[in-house]
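Quick look at what Swiss-Prot lists:
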{"type": "REGION", "residues": "1-126", "note": "region 'Necessary for homodimerization'"}
{"type": "REGION", "residues": "1-734", "note": "region 'Core'"}
{"type": "REPEAT", "residues": "28-107", "note": "repeat 'Gelsolin-like 1'"}
{"type": "REGION", "residues": "112-119", "note": "region 'LPA/PIP2-binding site 1'"}
{"type": "REGION", "residues": "138-146", "note": "region 'LPA/PIP2-binding site 2'"}
{"type": "REPEAT", "residues": "148-216", "note": "repeat 'Gelsolin-like 2'"}
{"type": "REPEAT", "residues": "269-342", "note": "repeat 'Gelsolin-like 3'"}
{"type": "MOD_RES", "residues": "Ser366", "note": "phosphoserine"}
{"type": "REPEAT", "residues": "528-595", "note": "repeat 'Gelsolin-like 5'"}
{"type": "REPEAT", "residues": "634-707", "note": "repeat 'Gelsolin-like 6'"}
{"type": "MOD_RES", "residues": "Ser735", "note": "phosphoserine"}
{"type": "DOMAIN", "residues": "761-827", "note": "domain 'HP'"}
{"type": "REGION", "residues": "816-824", "note": "region 'LPA/PIP2-binding site 3'"}
Amino acid sequence: MTKLNAQVKGSLNVTTPGVQIWRIEAMQMVPVSSSTYGSFFDGDCYIVLAIHKTGSNLSYDIHYWIGQDSSQDEQGAAAIYTTLMDDFLKGRAVQHREVQGNESEAFRGYFKQGIVIRKGGVASGMKKVETNSYDIQRLLHVKGKRNVVAGEVEMSWKSFNRGDVFLLDLGKLIIQWNGPESNRMERLRGMTLAKEIRDQERGGRTYVGVVDGEDEKASPQLMEIMNYVLGQRKELKAAVPDTVVEPALKAALKLYHVSDSEGKVVVREVATRPLTQDLLSHEDCYILDQGGLKIYVWKGKNANPQEKKEAMNQALNFIKAKQYPPSTQVEVQNDGAESAVFQQLFQKWTVPNQTSGLGKTHTVGSVAKVEQVKFDATSMHVQPQVAAQQKMVDDGSGEVEIWRIENLDLVPVESKWVGHFYGGDCYLLLYTYLIGEKQHYLLYIWQGSQASQDEITASAYQAVILDQKYNNEPVQIRVPMGKEPPHLMSIFKGRMVVYQGGTSRANSTEPVPSTRLFQVRGTSVNNTKAFEVPARATSLNSNDIFVLKTQSCCYLWCGKGCSGDEREMAKMVADTISRTEKQVVVEGQEPANFWVALGGKAPYASSKRLQEETLVITPRLFECSNQTGRFLATEIPDFNQDDLEEDDVFLLDVWDQVFFWIGKNANEDEKKAAAVTAQEYLKTHPSGRDPETPIIVVKQGYEPPTFTGWFLAWDPFKWSDSKSYEDLKAELGNSGDWSQITAEIKNPKPDVFNANTNLSSGPLPIFPLEQLVNKPAEELPQGVDPSRREEHLSIEDFTKALGMTPAAFSALPRWKQQNLKKEKGLF
């Protein structure tokens, strides 16, 4: 087992995106049929390779999954093969350790229809998942709201609780029982899994029935079957609350240096949050502890080979030393092939030798390179991915209405002040644009840095009222002063001016400064603004253009590093600042009065600026909730439009903007708390995010291309064609002849047990226990079937000998029945 065998290499596809699975059999990797992906035996270990494609780049994740009843040898083999596969991929993969019952969201996300965990394993004769087999009796406990995992539990009412979904699988019939406290999404996921079992394992020849626990009387025949199989029910157990992970734990980062240079492994804490990339040395290995929730191991490319080889063991030893649960998730990161999730635990992440445009050497929170596309307004709706990267829904030529907050109310801004934004004010801007014949709206909420808290609160309140006036269709964009997005600037065609403070109100008594200095940034009408800075020489920068307005004249100061396009745009915006003739001043040739106006010469930034970074980021989607009174965000890996559920709210993080998507059936409290929830996300982000990051609220059905462009193949008609839980339940309810199925189940074959089976009245004669236990076949009484000794027992003797009722015994997999009979001398 020192290298990947030829069979594995032959079956290994490293160029096609998707999932490949192997099972450990006799210490070898054996490919699993794709028709059974999503089914795992708890007595086995598996290796799952996931390949992702971003642009032209491929990335790899290797997960090894440990069943709760697997052997130590199998677990060790899975870990070794994971390392060998990573070596085969030249260290480009992220390794994950997955333990049954505590699988990562990334792992669950590969199996959109759900995961089914079965009893048994290859060592006990369970070679594969049988299809088109109806000789089945099992109870599946379905857990999870989004990517579900269903595990076999004891086939008894004792296994049920009020808060979860259960599938009673009887071969020709699957009954889904929904706990009265389960939610619609959990029920829908359970139904999807039931249909998957029906279609994939039974060729569509199994009936599916649904019982809602709060209204069992509506399904009398299905309840009759359940009580027949499971026995009469007693009081149901209370709902088991889902595990809640505090955001503070996710943000609790500690970095440890790992070394064995002295002959023994030494783990030493070197830093806590916030973390910076320069803490990681290429010559060493590190452990990053995320509040005990997940352990990352980072392997420097020049680290000791033995240290790198032992990375996973180091993590497991660390977990033991910290007394964390054995099921704690572990990821091994290779130097240069880190996942986006790992990178975003750091304040800033540099990708060496990656350029996009002249002089750009790195991107924030990114591993993907995206080709820069020249702005073309006509492409925004045809190519929403371009709109997403450019952050533009169009070229800003739509209709505009602007209001200022005055006395906590909305007052229209006079035309002469349109484009002027004062730091002491808050503004609402409604932008209307067309896609085809349909009107769409953007509602910008601009909040000055010196505005009062009452005005900021009023701006949010007035935005809600305006939103309702337009039938909740506008996309709301919160813009803190200084964070103006490109599209907002494009509306003013290069004439946007932002003042440090003050107001444009007619009755203002605030004095206007006699000298003002504005820094101008931008190369076109779509990205230019002038931003007021302190009127002193230290504010200057050789890379930019500045407008200096005095009582007597207006200077246009051009730094040596500015371009011709920047000079042209500066002339345009300068006309907005002052109507007087502009005196162009080249850096180094300033007249004396220029320095007098700035209070005298002083040193200023004159080093050449690196090319402006265009952020190329890895977008991340989170399902959000505050139902427990605490903000929770669950990441959805490899997301697509199907992950956006109508009952929920979601957060799409594209680093320099945060979108908050609201489903039409979302909780009212969550709708109202959208902006607050997004701000809480930024505050609790492990990397220490800028709390002033713009927040954009998007409603289902009114998504702008700047949002849809982050999703592959967005379908605007998706929700109009989708089926609700009630629709699917109605369909399934019409599929079964329950009376015929009930008759078949209540008159089973002789070798099928249920809670009401009376063995003494069956076709087989009854004998005392001592005549059947540990007896060779030739010594058994006449009439005894040696392979069915347990069926010749009275119920009392059966329970005494096997330690369970016949119904519980019949619920066990055949391999477990056989093992138990051997153990008790009845085989």
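The backbone N, Cα and C atoms fix where each Cβ goes, glycine too.
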Composition by DSSP (helix, strand, coil) of residues within the region 'LPA/PIP2-binding site 3' (816-824): 8 helix, 0 strand, 1 coil
Three-state composition of the domain 'HP' (761-827), taking helix and strand from DSSP: 37 helix, 0 strand, 30 coil
Residues of the region 'LPA/PIP2-binding site 1' (112-119) by DSSP state, where helix covers H, G and I: 0 helix, 4 strand, 4 coil
DSSP-assigned states of the repeat 'Gelsolin-like 1' (28-107) in counts, ordered helix, strand, coil: 23 helix, 34 strand, 23 coil
